[in-house]
Structure formats: structure tokens, C-alpha cells
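Asker: Quick one: this structure, given as C-alpha cells, is what I'll be asking you about.
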Amino acid sequence: MSYKVEPLPDSYAGLGEGPHWDEAGQSLYFVDLEAGSLLRYDYKQNKTYRTQIEGETLAGFVLPVEGNAQEFAVGCGRRVVIVNWDGVSPSAKVVRTLFEVQSELKANRLNDAKTDPRGRLFAGTMRYIGDEFEHRHGELYKWEAGGSVSVVKSDVGISNGLAWDEKAKKFYYIDTTDYEVKSYDYNFDTGVASNPKVIYNLRKTSPKDHILPDGMTIDTEGNIYVATFNGATIYKVNPSTGKVLLEIKLPTKQITPVAFGGPNLDILYVTTAAKFNQPAPAGTTYKVTGLNAKGYPGVSLK
């Protein structure tokens, strides 16, 4: 199979994260996490817009809010806040806080988050000061409209990739510090995940060889796409067998999350990072075409 990897214009993010395809606006939203910035790539214009959230230094994810074209749920530190942004202006404002977690753990922050197919928010934390492999103080949370926050999983190092498969009734989850992908049985009516099982393991023989699984998405055939931080590769995996079906190679090492998008939902968008003095083109956001696969659009927060 011949796929093609191309950069998006003006898409640099020092720590790019959280790609979310907004079908209504034909736009890809993502964040520059350690800059407190939101970005929007407009497919029709082939142009990227960037905004700074006033008073914030961290933005872990960005998720459109259903029914309001200018409201987004954003992970700022340990708070999930609602940000007002028109998608164009260079600055955006926090209008309210939805909830806060782990307020006593000042070294923690929110990391990856997604909405499940019913619009519930799943968001996880990690330690970002100190060693997150040694101090597993992260947790994965669930929030649904009108409800409170509940803990889905504790003892998490770096809460990362999330994906759901309605046909298979599965939820997939990555804690980077476990070097593996877990599947859960998932009840889409209640939002309850149960029976965790390791379906794909990236552990190698030596601790120095470990490839770090980061973000994840799923295609309409039920295959998962696992991004690797430091691995320069996205692995397309059959979750039933654990078999790698395809290795997608990128021109930079630190691959963060991935998401399908585009008018036909057949473009894989990839955010990357430029941490620890990685050379250019690190931090560029890419599109991968020619994969002969389709995914699902992002789901707005209900």
C-alpha cells in the first residue's frame, strides 16, 4: 500500500495534541499543549488559525460543545473549562469551569480526552513535574451532562489514547507507562467500562527499547491506530488478534494522537511534538492519505 504523508500549513505545535475532526465545520481542532493555544485547520481554506487562551498556560485537549458553535471544552491544568472562540481570533476567553480534579496534586495536569459516541467526556490526568513512570498519580475520569465526575481508573501513569467501537461494544485505552493497549467491554447506554484485557503490547526486551504508545483512533472496520512517542510510527492493529496490519512512518519521532477527518473521513490527521530539542520538522501536524480506510468524525460534548 502506498500512503502519502504531507504537512498542514502553519501547523507547528511544540506539543501538539488532541486532534478532533469537526464534521459540521469541516475543520480539524487541536492544541499546542504547553503554550495554552488552540488551533483550527480549515479544510476548505487549507489554512490554520491559532488562538491563545487568556490567562492559561496549558491546554490538554479541545472538544466542541454541542449546540454552540463557539464553545469548547478544554483541559487547562486540572480544570476542564469552557472556552469561547470564534475559530479565527488570536485570543480566546475562559467563560466558566466545568469541573476540577485532583486539586491537591499540583504536579498533575489533564492530558488526553475524548467524548464517547454518546457525547460523554472521558479525560485523564498525569504527573507533569517529576517522573510519571515512578509516580502513578494519574486517573481516568468520566463526566456526563447534569452528572458529576466519576473515576473510571486509578493507578495511571500517563492517561492517553481513547477509542470506542460500537459494533464490537468495546472501549480501548492507553496508559503510556504500561506500554500497552487495553480493551474493555463497554455499555454504551450506561457508559460503564468493565473487564480490562491487554490486546496489544509494545514492551520490548530492554527498558531502553520500549516504544511509548500515545494517542489512538479507530477505523470503520474496527482496526485501531496507535501513535508512538519516540517511535516515528503509527501502528494499524487488529484488536481481535493483536496483529500489526500496517506501519505508517512519519518524518519525526514524537507522534502524539491521531484522528480521521476530511470530507470523506479518509484522511488520518497526526499531531507531533518537538520536546527535548527534537529537530525540525518535529511539532508539525500532518495528513496521511491513501490508507484505503475511513474513520469516524469527532463527537461534540453533550
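Numbers here mean position along the shown chain, with the first residue as 1.
Cβ from N, Cα, C; glycine included.
Found this in TrEMBL, in case it helps:
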type	residues	note
DOMAIN	15-273	domain 'SMP-30/Gluconolactonase/LRE-like region'
BINDING	E17, N160, D214	divalent metal cation binding site
BINDING	R109, N111	substrate binding site
ACT_SITE	D214	active site, proton donor/acceptor
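Could you place these features in context, so I can see how deep they sit and what lies close by?
Answerer: Within 10 Å of the C-beta of N160 (divalent metal cation binding site) there are 30 other C-beta atoms, taking all protein chains into account.
Listed in sequence order, the residues of the same chain lying 6 or more apart from D214 (divalent metal cation binding site) and placing their CB within less than 8 Å of its CB are N160, G161, I174, T176, V226, A227, T228, F229, I255, T256, P257.
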Asker: Tell me which residues of the chain lie with their Cβ under 8 angstroms from that of R109 (substrate binding site), as long as they are six or more apart in sequence?
Answerer: L58, G60, G75, G77, R78, T125, M126, Y128
Asker: List, in sequence order, the same-chain residues at least six positions removed whose CB sits under 8 Å from that of N111 (substrate binding site)?
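Answerer: Residues satisfying the criterion: E17, G60, F61, G75, G124, T125, M126, G138, I158, S159, N160.
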Asker: Find the average pLDDT over the domain 'SMP-30/Gluconolactonase/LRE-like region' (15-273) in the predicted model and report it.
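Answerer: Average per-residue pLDDT within the domain 'SMP-30/Gluconolactonase/LRE-like region' (15-273): 95.
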Asker: Can you tell me how many other Cβ atoms are located within 10 Å of the Cβ belonging to E17 (divalent metal cation binding site)?
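Answerer: So the number of other Cβ atoms within 10 Å of E17 (divalent metal cation binding site) is 26.
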